[in-house]
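Feature annotations, reproduced from Swiss-Prot:
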BINDING   Gly950, Pro951, Asn952, Met953, Ala954, Gly955, Lys956, Ser957  ATP binding site
COMPBIAS  1-11  compositional bias 'Polar residues'
COMPBIAS  54-65  compositional bias 'Polar residues'
COMPBIAS  122-135  compositional bias 'Low complexity'
COMPBIAS  139-148  compositional bias 'Basic and acidic residues'
COMPBIAS  193-203  compositional bias 'Basic and acidic residues'
REGION    1-82  region 'Disordered'
REGION    118-148  region 'Disordered'
REGION    175-203  region 'Disordered'
REGION    233-347  region 'Mispair-binding domain'
Amino acid sequence: MPSEGSQQPSLDSFFKRKNPRVEPYSRTGNNAIIDLTDSPPNKKIKLDDEGSQKNRSMTQTSSSYFKGHPTARPLSVDKRLPRKPSAAIQAYKLQDVIPPQPSHSGLAFETCSLVPQASFVPDSQPEPSASPAPQRTTEQLKRHEEWKTRILAMSGSFRRKRSLALDEAVAAEAREAAGLEDEGTPFDGSDGDDYKSESEKNAEEVGKQLKKYVAKELAGKGKSKGKKKEEIGPSGLAYTPLEKQFMEIKEQNRDVLLLMEVGYKYKFHGEDAKTASRELGIVAFPNRNFFTASIPTHRLHIHVKKLLSLGYKVGVITQTETAALKKIGDNRNAPFARKLTHLFTAATYVEDPSLSSSSSSSSSVRFDDPVVPGTAPPPTNALVAIVEQPVDRASDDRVKVGLVCVVPGTGDITWDEFDDSQIRTELETRLAHLSPAELLLPKQRLSKATEKVLTYFAGEPKHRGRNAVRIERIDNIPEYDAAFDFLTNFYHCKEHKATVSKGDVNDERHLMTEGNKQWSLQPKLSQDGADISLDEEIYLASGVSSSKAILTLVDFPKQVVISMAVAIRYMKRFGLENAFKHTSSFVRFANRSHMLLSSNTLANLEIYQNQTDGGLYGSLIWLLDHCKTRMGKRLLREWVGRPLLDVAALKARADAIEEIMENNSYHMEKLRSLLINMPDLVRGLTRVQYGKATPNELATLLITLVRLASEFKPNMGNVFRSCLLNNIPNTLPTILDTSQRFLNALNLKQARENDVANLWADPDRFPDIQDVKDCISVCEMELNEHLMELRKILKKPTLRYITVSGIEYLVEVPIRDTKIVPAQWMKISATRTVNRYHTPKILAITKERTQHLEKLSIVAREAFIAFQSEVAEYHELVVVSKQIAVIDCLMSLAQTAAASGYCKPKFVAEPELKILAGRHPMVEMLREESYVPFDIHFSKEEGTTKIITGPNMAGKSSTVRAMALIVCMAQIGSFVPAASVTLSVHDSVQTRMGASDEIGRGKSTFMVELSETSDILQTITPRSLVVLDELGRGTSTYDGIAIAYATLSHIAEIGCNTLFVTHYPTVAQDLAREKPDKISNWHMSFDEIQMPDGGAEITFLYQLTRGLQEASFGVWCARLAGLPKPILDTAQMRSSSLKAETQERLRGIVARRVGWMLHNLFDNKTSSSQVLRNVEMLHNSLSSSSISFSQ
């Protein structure tokens, strides 16, 4: 037996290190010495709980070898002072593993070293005398070897969870995090010996495990002197790596509401979590340093749309690596790599299917929700950039406004420049038509009047029946020269075939710089940094060169050029700048081919929404919309809001509608069948233009286009009478070859699965993909060859690789066979019956294979984007798709015209409007009672101004609205609800109806009336239709009469068709008497029956009848409204009294006038003809009132 205190040669070789390294270690409140000689071979040394009796008993429980060893003793702890090392390991202190560190209690840790230290002498013990090393028996040596095997394989402090190479990488990262200097590869022999004994190798492995454990503990606690001080959050805890990721991205996107992908959820943090909780109704709770709220991944797109509709800018941070790849990667101990890959606003959200969990699995991708006839048209989600310049530098009352509107979902672009008055009615009209979801405005602020209009427009979403409008303020609005240079560079730079993918939103390599040279467009770079050559072509539909596009820009007004530069610059951040590629899609808002309906007209006539709750139900678009496709709904909304001025175009639409109603031929039925299950081709092709379509989407588009193009044979000639209907059979076959060629390039099965890597039917189309696939095949072949070797090692001829939880190429070994598993295999996972391993060779090959797979993903994505760019060059696909939308609109109008009582309007050249048996189109659909028709005729012979009087609730406002709606419907090209309509083309329909204030804009009710009237007077022409309802009622009677009289007199002189509703009989009779050839009086008829109690029973007939009617029957309407009878009686008495007083005053006026006439007659101061004229005027006054000569 060896003597006490002697050293054991086997232990010496076991713990020996040739190139010692210093590794720090620190444990709070733990002053115990780690005595490895006392450690059991099959138990784990616990360092966390120094006071645990269980841990101390574990260190005393050991195999028979350690129990029988003379130096074996329990490990004790002195909590007051650090204890001294035992004599058995005086020469083996852990000085290089655990250096002295101050504890929280102010005591120093005792240190020891695994390397012999001849000069080490404890303070309290003399240096032991040298003695020969004890000799082990054969049984002891056997037990020792068994212990070495167990300590390398079993769980515990020295458990080898991964391969040695990967463990060393982790240790290196921990040392780097601890601030230690790397001295080279640890345990690297410095003696130059290539040969190492088995015991030396085992000793090195144990040392590595111990070193890794200590380094890991050090990195976890951060108590090293060289480690950076952890940043402490508001909770008093250090920021986690995930929180640091969020803070870093949030710092760069302060105005963005961020969602971060974490596992199977998307999480909000900080103030974003509170906002999400408030807006989405989800729970937000404090978690370490931030509030946190989360949503499941499959609900992401739903919540994103909700936040966008509320006006937020939303960013989605996604994980850029999978859990399976991370487990075998070099950064497996670091957090998942994440980037801001999606950025959206309400206007720039183009239904990205990658946000939908079902998009990749669905084989019938639809680009919008199913179309339900009669539902609201899809929102335009327009983005409007606005700039202005004062007309007079001394005042900003009148300004010149430049406006550019882009609809990213469809690629439609509208521009305009116009002068606007102090009340900004022109701007308000354009906003009402365009209905933007987002406004781009200068940060320096516009004029006060403009800001007031924009703020009012964006601030009342509920009143206007739409979502909130988001306002984005833009810095550094350029001057005209800088904006023109920017646009010139934009159209000179050819879009690279493989456009940079949406990837990292914060990567602004291709964005504009704002350095010394503002608004400069940097040329795009290839992956190797070389400049991509410029190209003159800019993908215009007609294939014109960029020089011609620049000439087009020269014709644009200056403010429009500035607005366009602002819009393009903003959309580049979202990857949507390609919307401006096709200048053929540019349309001016105000042009000579369309009627301009003002915002007041849109609201008063209920064109887009009703006035009750701002909804669709009861509006004109609700009545006319029976479209089967989303693109048809959008186009019909444009038709309804912008009636035509071209008689030929109007007749073409009406003729097409008539033929659809009458023609039931085979070709017509085939035309109807085209609309069945039709996806939104325009929106889908626009996504292709942006490079944002999925393979499934693109396949659906191409299949649909091929089906459409195959319906009609080429050169069929004119199969319909209508030229609009003939456009479809004539144009569809022209895209067959192009669509079929693109479709043949795809592997449809893989496209349905969104498999970009295996998408192409011809592998040689993109050789880079095949090259990477070949490299992957080589790796897989090597793995198969290695499998043969593993079968021999494990003696399992049927051994196969398995995949568990996304981890591939696992070698599964039953627990009973683990003894034959080589020590260098890395254990990945285990169950009760099997262990799963990766061999070093598998790790190396799979790592290389993973790199190739990542490269394949990048190359395949670039190839698919290049293919989308190639498809987008054929703009005729979009043109044909828009023709399908035209057919859908005509079919919808034909369905409306099929209702009974509709007629085809007749257009004439001379100014005229004649309506026979006209009806209100929406009222007759909403009410069960039949609508009482009306007749009206405007012409030079019949007069152009009709004054309408009559009782309240008699139908005056409904009748004049019906007349205006009939004109609008006729100039849309639709049939109209009347027996017969003959009209000339009206260039505008102007209305001023109702009474409401605009407190938000600082306008009273009367001020609103006058502002709207002023706008009408400035814009009407002899070919306008004007509707004025009770002008002047917002002020005193005398002022109201004066304003109504003067306004109507002025309009009558212009000669436009006018409907003037009033309760001022004086105005009506005076103007009708003064201008009988232009102005005539009409009223809504009624029956009045006297009741026995002295009251009257009124029956409204709702018929438009010639003549003036003074009675308004306001008390009767109050009775219908349910006012109490005492109030009604008092009101009736007061009304009678006021009427008597008025008649008395009139009799006095008549008496004085008669006296004056007689006096002049007897004095011969007045000619007989003048006397006759005075008598006639007096007679008219008396006949129009209730005063008689007898009174």
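These residue numbers are counts, starting from 1, taken along the chain as shown.
Note: Cβ is positioned from N, Cα and C throughout, glycine not excepted.
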What is the average pLDDT across the region 'Mispair-binding domain' (233-347)?
88
Quick check: which same-chain residues outside Gly950, Pro951, Asn952, Met953, Ala954, Gly955, Lys956, Ser957 lie with their CB within 8 A of the centre of the ATP site CB atoms?
Met1084, Phe1100
For the compositional bias 'Basic and acidic residues' (139-148), how many residues does DSSP put in helix, in strand and in coil?
10 helix, 0 strand, 0 coil
What count of other C-beta atoms do you get within 10 angstroms of the C-beta of Gly950 (ATP binding site), across all chains shown?
27
Cβ contacts within 10 Å for Pro951 (ATP binding site), all chains included, total 22
Restricting to the same chain and to sequence separations of six or more, state which residues have a Cβ under 8 Å from that of Ser957 (ATP binding site).
Met993, Asp1029, Val1061
Cβ neighbours of Ala954 (ATP binding site) where a neighbour is any other Cβ within 10 Å:
25
Largest tally of Cβ atoms lying within 10 Å of a Cβ, found at which of the binding-site residues Asn952, Met953, Lys956:
Lys956
Ser957 (ATP binding site), DSSP three-state class -> helix
Secondary structure tally of the region 'Mispair-binding domain' (233-347) (DSSP, helix then strand then coil):
40 helix, 35 strand, 40 coil
